[in-house]
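Since the structure comes first, as C-alpha cells, the remarks are kept for the end.
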Amino acid sequence: MADTSLLQQRAGAGTGPTPRPGPGTGTGDRTGDGVSHHTGHGTGGPTGPGNGTVGNGTVDGARNPRASADGASAATPSASTAEVTLPIEGMTCAACANRIERGLKKMDGVADAAVNLALARARVRFDPSRVTVTDMAARVRDLGYDVPLQQVRLAISGMTCAACVNRVERALRRVPGVAEAAVNLATGTGTVRLLPGTASVADLVGAVRDAGYEAEPVGEAGDEAEAARQREIRGWWNRFVLGAVLSLPLLVAMAAHFFTWHGPVFDLLQNGWLQLALATPVQFYVGWIFYRDSYFNLKNRNANMSVLVALGTTAAYAYSVVALLWPGLGITGLYFEISAILITLVALGKYLEAVAKGRTSAAIKKLLGLQARTARVIRDGREVDVPVEEVAVGDVVVVRPGEKIPVDGVVLEGRSAVDESMLTGESLPVEKGPGDEVIGATVNTTGTFKFRATKVGRDTALAQIVRIVEEAQASKAPIQAFADRVSNVFVPAVMALAGVTFAGWLVATGDLTRALLAATAVLVIACPCALGLATPTAVMVGTGRGAENGILFRGGEHLEATATLDAILLDKTGTLTVGKPSVTDVVVLEALEALDAGPGVDGDVVEDAAEDAGEAPTGAGASGNAAPGGDAAPGRGGAGSSDLDAAQRALLRLVASVERASEHPLAAAIVQRAREAGLDLDEPESFEAIPGHGVQARLAGRDVVVGNRRLMEARGVAVDAAADRLAALEEQGKTVMLVAVDGRLAGLIAVADTLKETAPEAVAALHEMGLEVWMITGDNARTARAVARQAGIPAERVLAEVLPADKAAKVRELQARGRKVAMVGDGINDAPALAAADVGIAIGTGTDVAIEAADVTLMRGDLRTLVAAIELSRATLAKIRQNLFWALIYNTLGIPVAALGYLSPVLAGAAMALSSVSVTTNSTLLKRFDPMRRFRRDERSPAS
C-alpha cells in the first residue's frame, strides 16, 4: 500500500518516460509516478520456484539442450572455447542490448558476444577455463538485467556428514549450466538453479550418483523427499537390529572378562572362530554402506565420516583376524567386539538422527495435512463432491460449518466466520461476506456460504507457503559456511592425527594393541556428524515454527540476517496505520466563492452541487472543524458540523472528479467520500501526476491543482491565508491536500488513516530489544511527527517528505552509518526499498500481501508479528551457536582423551552417536519456543 498523501507516490495514471525494467520479475506495481516499475526483489516468475518444470531430460520443452530456441543452449565450437545462449529479461531497447553486449565482451575469457533484442537472448563464445556461465549471468545482473534460472529439487540419500554435503555440491556445480547448488544434510534434499536448456534432471541425478549417492527429483508436494526419509529411517533401523543381534554375544564375551565364574555359554563365546562368524556379517553387511561411501569418497580424493568409521573398524577387525589365523606372530587378544559394536552403535546413532531430522521437518507435514481432500462444487445446478485436484478456477464451491475451505476464492453469497489461525497465526475467526477473499485450508466455523474459486493447485496461498518453507529449510544460513570450511579439513586432519597417535604409542610402549585401540578411538570419536547437523536442523525448526505463526522466512540467510538487525525502518501507511484512509475535513476558502461569482467562470460544478444541497447525506467526519477553538482561517467548514453544505459538496465533487483518474489510496478515499455524499463526478479533460507532489487536471474549463505546499508554490499559488488551518490539521496527524482552481487557493481536504491498535505496543517492544525504530513517509514533516508521536517513535527518527524513488536511498544512508537495516512495508509499492535493505519485510493480511515478494513475510497485519519474527530469528541463531559450540567442544575434548588412551573405541562410538542425537534434539527444542511470548506475558500481567 502506498504511503500517505498526494504529496508522495501515486499509483495513478501519469506521464513521463517509461523506465527500463530492473532485474528480476517484479510485480509491475506503480510506484508513484504513474509508471510501471519492475523490481528484482520478487522471486516469482521465471526465476521463482517451480517455474518451467524440468523432467525427462527436457527444460522448457527443449528435448535437445543444444537446440533450444528459448532457453540457453550449449555448444563447443572448438577444444578451447564453448558457446552458450543466455536468456535475458529486462531489455527494452537497442541501448539495453548494446550495454549487455559491451559488458560481456569486457569479461576475461569471453571471445565474442552477440545480443538479440527481439529474441531476448545473448549468444556468447568463451573459454570455460577462464570464465563460467555463472560469472556471465552475474555480469548481466550487475548491469541491471536478469538471466532467468530454472530450479530443480532433488531428494538425495546416502549422506552421513558435512563432508558428504560438500562433495555432492561440488559434483552438481560441475554440471554445465548449473549456477547454484545447495544441499541440506538435515532434509536430505538438494536445490539446483541452472540455465534453461543446459542440463536435464537426468544429468543432475547422474552427477549425484557418480559421487556415490542416490538421487531423484522432488515433486510439487515433496512426496519423494518424505519417501526417501522414511527409507533412510527403515534402512538404519534394519542395520541396527541385525548388528545388535550379532553383536550382543560379542558384548557378553567381552563382559565375561570381568567375572570370575564362567559357565559353558561364556566359554563358548570365547571361541575365536565363533566371534569371527558373528563379527564378519556385521563388518561387511551392516557396515557395507560405510565401505561403499568410503570408496566413492577416496576415488574423488575426499574423506568423510564413513572413511573414519571404515578405517577404525577395519583396523580392529583385521587385527583380530590376524591374531586368530596366525597366533605365532605374537599378536595377542581378539577385538572383534570392538568393530562389531562400533558399527552397531553408529547405525543406532544414524537411526536416531534420521528420526530426529524427521521431527524437525514436521512443519511441512503439518502444512500439507491442512489441505482439504474434497470440495463441494456446483455442477449443472447440483452440488457434487469432487477431489480437490479437480476444482478449476471459476468453479462455485459450497462450504458448510465446520468444513475446510478447499481452495482460494471470493465469497459470492452467505456470511460466516473463518478460522485462519493455521496459516496466519490469527487466533480470532475473521468475518467473511460477499466480496471477501477466503484462503484454502482455513476452516469455516459458523455459516454456509458460496465462493468462486480464484486460485487452485500450486497457485493457492497454502501451496505458496509450503513452497517457501521447503526452500527456506533447504537453504543454508551463512553461519553454515563455517561448519563447511571446518569439515573440509577436519577429516584429513583427524586421519593424520590417528596415524600420529598409533605411531606414538607404538614407539613409546611397543604395545601394538594399545596403539591400535588409541588410534581407533581417535578415528571414531572425531566423526564430524554433529557439526554438519548443527545449522540445518535449527534452520528447519525455526522456519517451520515461523510458518506456524504466520511468519515466512524465505531462506536461512534471511533468518540469520533478521537476528542481527539493529535498525527497523517502518513505512507509515499500511504498516503503522490501518491503510484505509478516509476524508475527515473539507475546508472551503473564500477564494472559491469569488471564483464562483466571477465573470466568465463556469459555475456548473458548484451550481449542480448547490441544487442538491437539501438532499445532502450526513457527512460524518467531514466537517471543516480543524483548529482548536473554532476556525483558524476564513472560509467555510462549520465547526462541529456533521453535514456537508453546498460549498463543501462543490469542492469535494471538484477534487473527486480530478482524483478519479488516480489509483492512489488517498485519491480513492476522496472518491469514496464523494460517492457516499451522492455526488456525480465529471470526467477530467486532461490529467497529470506530479510524483511526490500531487496532481493537476483540466476540468469543466478550469485548471485544477491538488497537492502539497511545494506544488502550490511551484504553480505560483499563495497559501498564506490557509497556513494556520493547514498547520492545525497536520498537527492532528492528518494529510492535507491543498486545492487550487485557476491559480487561486480554493480549499483544503484532509485525510487521516487510523494508527493500528497494536502499533505502539510493537514499537515499544522493538525499543526494549535494543533496536532503532525509524518511520519513513512521503507525508509532510508535521503530519509525520504527529503519527510517530502516537506510535512512540522519536521525532528525530522520522524521515518525512521522502519521494517514492528516494526510499531506497534512505535505507542506504542508514546502512552507510553501519546499521543493519530492515525495511518493513507492504511488499508491493515499497519493493525498491525492500530490495535495498539488509532484510526486506512485507506485512499484510492473508492473501492481500504478496508472499513471494520479500525476504520475510508477515501474513498478518499485526505489527507485533514483526517483533515475533525477530525474537524467533534470535532464538534460532542462538540455538545454532549452541549446536556448533557443543559439536566443536565434543571433538576438542574427545580427541585428546582418546589419543592419550583414556577412551575405549566402544565408548568413543557411543559418544559419537550421542553427539549427533544431542544436536538434533537441541534443535527440536525450538518447537517449544513461543515467538509471541513477550505479548502473552504482558497480557497475563495485572493491570496497573
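Count begins at 1; order follows the chain as displayed.
Just so it is clear, glycine is given a Cβ too, placed from its N, Cα and C backbone atoms.
Of all ranges given (729-746, 765-782, 909-926), TrEMBL attaches the label transmembrane segment to 909-926. Note on the domain 'HMA' (150-216): its mean pLDDT in the predicted model is 85. Counting same-chain residues at least six beyond the ends of the transmembrane segment (273-291), those with a Cβ under 8 angstroms from any Cβ of the stretch are 158, 239, 242-243, 246-247, 249-250, 253, 306, 309-310, 313-314, 317, 320-321, 324, 334, 336-337, 339-340, 343-344, 346-347. Non-local neighbours of the transmembrane segment (884-903) in the same chain are 479, 482-483, 486, 490, 494, 497, 501, 505, 514, 517-518, 521-522, 524-526, 528, 530-531, 534-535, 911, 915, 918-919, 922; each lies 6+ residues outside the stretch with a CB under 8 Å from one of its CB atoms. Below 8 angstroms of C-beta separation, residues 186, 341-342, 345-346, 348-350, 352-353, 356-357, 359-360, 524-525, 527, 529-530, 533-534, 537-538, 540-542, 545, 875-876, 879, 882-883, 886-887, 890, 894, 903 of the same chain, each at least six residues beyond the ends of the transmembrane segment (909-926), sit close to that stretch. DSSP states for the domain 'HMA' (82-148), grouped as helix (H, G, I), strand (E, B) and coil, give 22 helix, 21 strand, 24 coil.
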